[in-house]
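Peer 1: Before we start, here is the structure in question, set down as structure tokens.
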Amino acid sequence: MSERNNLLEVDNVTIRFGGVTALDGVDFSVKEGEILGLIGPNGAGKTTCFNAVTGVVKPTSGAIRFRGKTLVGQQRHKITRLGIARTFQNIRLFPEMTALENVQVGADARHKTSVVGALFRTWRVPVKPHELVEVDAKSGFGRAVQQVRRTGQRIFGLSRHTLEERAAKEKATELLKLVGIEHRAGELARSLAYGEQRRLEIARALATEPGLLCLDEPAAGFNPAEKESLLELIRKIRDTGVTVLLIEHDMRLVMGVTDRIVVLEFGKKIAEGTPAEVRENPAVIAAYLGVPTDAA
Amino acid sequence: MNFEFLGDNFMSLTVTGLTQGAIYALVALGYTLVYGVLRLINFAHSEVFMIGTFVTTIVWAGLGFGVGASAPGTFGVLGLIALAVVAAGAASGGTALIVERVAYRPLRKRNAPSLIFLISAIGASVALFELVGAITDRQPRGMPSLVQPKVQFTIFGADVTNLQIGIILSALAMLAGLDIFINRTRLGRGVRAVAQNPDVAALMGVNKDRVIMLIFVLGGMMAGAASVLYDVKVGITTYSVGFLIGIKAFTAAVLGGIGNLRGALLGGLLLGVVENYGAGVFGNEWMDVVAFVMLVVVLLFRPTGLLGESLGRARA
Amino acid sequence: MMAVLDSARKADEGRVRAVTGLRDRWANLPYGWRISVLFAFIIFLYALPGLEIPLISTPDTDFTSVLFLCAVYVLVAVGLNVVIGLAGLLDLGYIGFYAVGAYTVAILGSPNSPVVIQFPWVVCVPIAIAVTMVSGVILGWPTLRLRGDYLAIVTLGFGEIIRVFALNSDITNGNRGITGVPVPSEGTWPEWMDWFPGITAGRPIFSVSNVIGFYWLALTLVFICMLGVRRLERSRVGRSWLAIREDEDAAEVMGVPTFKYKLWAFAIGAALGGLSGALFFSKQTFINAQGFDLFTSILWVAAVVIGGAGNQLGVALGAILLAYLPERFREFADYRLLIFGVALIVMTIFRPQGLLPSRRRKVELEDRAKEGAVGE
């Protein structure tokens with residue numbers, strides 16, 4: 001593998017909850033453009049590690065850097081804007097919003113319009129001809145109104161709100177297509193099937209335009225066919241230039257898709273390397289078979 | 001501002017505050033129990049209390065102790081109070097149960113969102129309040145002063161009356177009883193189980209509906225007892241009496257950590273004491289303001305209240 | 001008993017289907033038609049005081065005053081809807097903002113207030129809106145970090161604090177209150193308005209005895225505010241609010257600055273509450289602490305939820321019912337709140353989604369009902 005820049009550096013991170021040490025001096029880095037797997041038995045600290053990266057929990061000590069910027073102590077929404085997005089192990093969509101709206105919320109992370117812009121439609125931008133309102137109403141009156149609006153837009157331009165709104169919708173539609181649920185765009189998130197909800201979560205995370213996408217057990221509860229298509233999706237996402245950090249229980253899935261793997265056990269890193277290396281690592285085998293490491 | 005007054009009357013303000021706070025604490029239990037199990041602010045609880053105050057007067061009047069009647073001897077008074085506690089406890093407990101059956105259970109069956117529960121609670125509160133208002137012609141109702149406050153002893157210059165001792169001690173006794181019930185008995189264990197995880201508790205064979213009925217009745221009985229203490233202390237009641245006490249009691253519950261029984265006690269006593277100090281410093285009219293400002297300040301530093309939220313167990 | 005409940009529920013479902021059908025048909029109407037119908041409806045609302053419609057007019061009170069009250073309540077509901085319906089923040093002390101707005105206008109504008117500045121109305125009202133917004137931020141800054149149920153009690157406390165303050169402070173003249181709250185303008189009706197029933201040229205536009213001017217002003221403000229909130233609703237801001245209402249943590253992780261938007265919801269809600277207070281007490285010309293009991297505040301919340309939280313037309317309907325029914329049925333004055341309370345319970349059992357639910361909420365509740373049925 002060629003030398004690439006480190007996108008994310010987790011540097012000697014320790015996290016304690018009361019007396020429990022969830023992560024103990026964990027060190028690893030994610031390189032630009034790779035798919036890194038984070039594996040380990042239950043309770044190894046994988047999700048805690050994710051939570052630390054996305055700012056949900058604060059490390060007791062150690063540093064986390066993304067593109068050289070430190071993340072510790074940053075507000076969570078700012079971390080998202082720096083370029084880290086995630087999904088949740090137990091799906092957390094906005095159930096009463098449509099699939100499209102869910103993704104639009106993600107896309108909004110990149111938008112600047114706020115209350116004033118939305119209310120008064122300020123920040124006018126000169127309009128390009130193809131962006132004008134179409135005059136297509138059936139009734140004469142409707143056409144007249146549209147004509148007036150068209151003229152207005154020509155004179156005053158479009159607001160940043162309108163442009164962003166359009167961009168958000170386009171992007172959201174595109175992402176729904178990417179994850180393969182564009183036909184459910186208008187449905188409420190809560191009424192989607194389980195697999196569709198998992199895919200919707202990925203689309204929503206991608207909408208924030210992340211440099212690094214963190215997937216927390218995206219294949220949980222999937223059958224083999226669904227897992228296969230998920231693998232394909234993850235590769236597709238990587239090919240668009242997004243680095244992927246993947247927590248996964250299913251060893252086969254991890255081995256099949258990742259470039260490198262980091263193995264955690266009891267909050268400590270016990271191995272790191274390519275899937276082939278990790279597979280042969282005695283400590284990893286011991287951890288997964290339940291043999292104490294020192295005996296292996 | 002009058003800090004000198006506070007300094008001079010510190011102990012007597014404390015005693016008055018504790019007396020008031022004991023009543024808050026008893027009412028707060030109803031909020032805390034229901035919230036701990038159902039995550040629901042039972043708005044109608046203030047009316048449950050109000051019903052108790054009226055039933056007390058009715059019972060006394062029925063026994064020939066209407067307004068202006070002279071008090072019987074010590075044992076007579078104790079007997080009247082005990083009788084009133086039973087009657088008001090039953091009436092308030094019954095009202096709470098009716099509210100549960102009519103206003104909440106149908107919604108629970110339909111899995112309604114919490115905002116809807118709140119509206120139903122408001123509806124029940126308004127209906128009860130107006131019903132009693134209509135029956136009593138919106139007139140206050142007096143009762144004989146059964147207990148003449150008599151100074152029993154003095155601590156640090158503060159007179160402590162028999163009335164105050166009685167109220168504080170009976171409130172403490174009831175709280176202790178409830179605490180033991182929740183923590184030591186099988187039924188109490190069921191309550192705690194449902195509070196922590198209703199679904200698992202149901203799987204383990206706890207009858208959820210019965211537990212919910214139980215907590216409403218328990219909370220109602222405590223409010224009924226509080227209403228008797230209130231009547232003895234204040235000597236007059238009206239249909240709108242529940243509103244402010246209800247808000248204060250809820251504040252007390254939140255202050256101590258809602259869902260936490262000992263928190264309700266702590267919150268109630270603290271609220272009573274602090275608002276009396278506040279009244280001493282800023283004047284009586286600012287009492288409620290002091291109470292709420294304290295609530296905000298406490299929540300800022302301890303977002304889940306002083307003792308944290310957990311039914312039946314105080315988390316350190 | 002159960003049979004009665006069931007048949008009532010069935011009848012209600014039929015009504016819902018009719019409403020939904022109407023909504024679909026409305027959406028399918030040609031653009032021009034919709035605009036024209038809307039326009040006609042707006043004209044109708046403006047003309048209402050002049051029309052003697054037999055059944056709906058109020059025999060015991062001046063009908064225009066009732067209309068004005070309805071308009072003010074709708075304004076309140078539109079503001080409260082931002083806080084409760086969209087952002088999902090339970091504000092039980094909304095009346096505090098209403099009071100702050102009203103008192104700001106009274107104190108700055110009245111010749112009888114302790115502070116003799118006597119600004120004209122048009123200056124007072126923007127200041128009142130700004131002051132309420134600031135008070136919303138001051139209340140929200142520490143409390144919006146708290147969880148929902150705590151917010152409820154803290155806002156309730158805020159409402160009570162404002163009332164107690166109004167009752168006891170010198171700047172509000174205590175319980176004596178402030179007279180001479182300024183009216184929007186001292187102008188008189190021009191000749192060309194004389195044709196409208198109830199308007200006499202040369203009489204003041206804004207007076208206590210003839211409130212047509214106030215009603216029209218309130219109606220206009222209602223339209224402006226509803227349009228503004230609609231714009232917000234259909235923008236990034238509205239989406240962020242909904243996301244916060246649905247799952248605050250997930251929203252934050254998806255890049256929504258949740259605290260900022262909650263604060264905005266609070267501030268906008270407060271501003272609208274302040275505006276309605278200012279408007280209402282300009283008509284009353286007298287203000288004291290009596291008008292600000294928490295009970296009214298709680299009724300407003302009920303109106304918003306009953307009407308259909310999240311849907312502007314729904315909350316407007318809820319507000320109108322709350323303002324109108326007690327005036328229409330004065331003969332039941334003693335029992336009207338009792339009936340209201342019972343109606344609330346009945347409503348929540350039959351129509352938990354409100355009279356006019358937002359599209360989302362309707363589907364959600366249907367789903368929940370199904371889940372509930374399965375869980376039995």
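Using the three backbone atoms N, Cα and C, a Cβ is placed for every residue, glycine included.
Automatic, uncurated: that is what TrEMBL annotation is.
The shown structure was predicted, so the numbers you read here are calculated from the model rather than taken from an experiment.
According to TrEMBL, the feature transmembrane segment maps to B:20-41, B:48-69, B:75-99, B:111-135, B:163-182, B:211-230, B:236-256, B:263-283, B:289-308.
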Peer 1: Checking distant contacts: for the transmembrane segment (B:20-41), what same-chain residues at least six beyond its ends satisfy Cβ-Cβ under 8 A?
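Peer 2: 48-49, 96, 104, 108, 114, 117-118, 121, 167-168, 171-172, 174-175, 178, 191, 194-195, 198, 211-212, 215-216, 218-220, 222-223, 225-226, 229-230, 233, 245-246, 248-250, 252-253, 256, 258-261, 263-265, 267-273, 275-276, 309-312.
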Peer 1: Counting only pairs at least 6 apart in sequence, do the transmembrane segment (B:48-69) and the transmembrane segment (B:211-230) share 3+ Cβ pairs under 8 Å?
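Peer 2: Judged by the Cβ rule, the two regions touch, with the required three close pairs present.
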Peer 1: For the transmembrane segment (B:75-99), give me same-chain residues lying six or more residues beyond its boundaries with a C-beta closer than 8 angstroms to one of its C-beta atoms, as numbers and ranges.
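Peer 2: Residues 30, 42, 44-45, 47-49, 51-53, 55-56, 59-60, 63, 65, 121, 124, 128, 146-147, 213, 216-221, 223-225, 227-228, 231-232 contact the transmembrane segment (B:75-99) from elsewhere in the chain.
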Peer 1: Using a Cβ cut-off of under 8 Å, list the residues of the same chain at least 6 residues beyond the transmembrane segment (B:211-230) that approach it.
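Peer 2: Distal contacts: 22-23, 26-27, 29-31, 33-34, 36-38, 42, 45, 48-53, 55-56, 81, 84-85, 88-97, 99-100, 108, 167, 170-171, 174, 178, 181, 187, 190-191, 194, 201, 237, 241, 245.
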Peer 1: So which residues does the transmembrane segment (B:236-256) touch in its own chain, when a touch means Cβ under 8 Å and the partner is 6 or more beyond its ends?
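Peer 2: Long-range Cβ neighbours of the transmembrane segment (B:236-256): 21, 23-25, 27-32, 35, 41, 43, 45-50, 53-54, 57, 129, 132-133, 136, 138-143, 230, 262-268, 270-271, 288, 291-292, 294-295, 298-299, 305-307.
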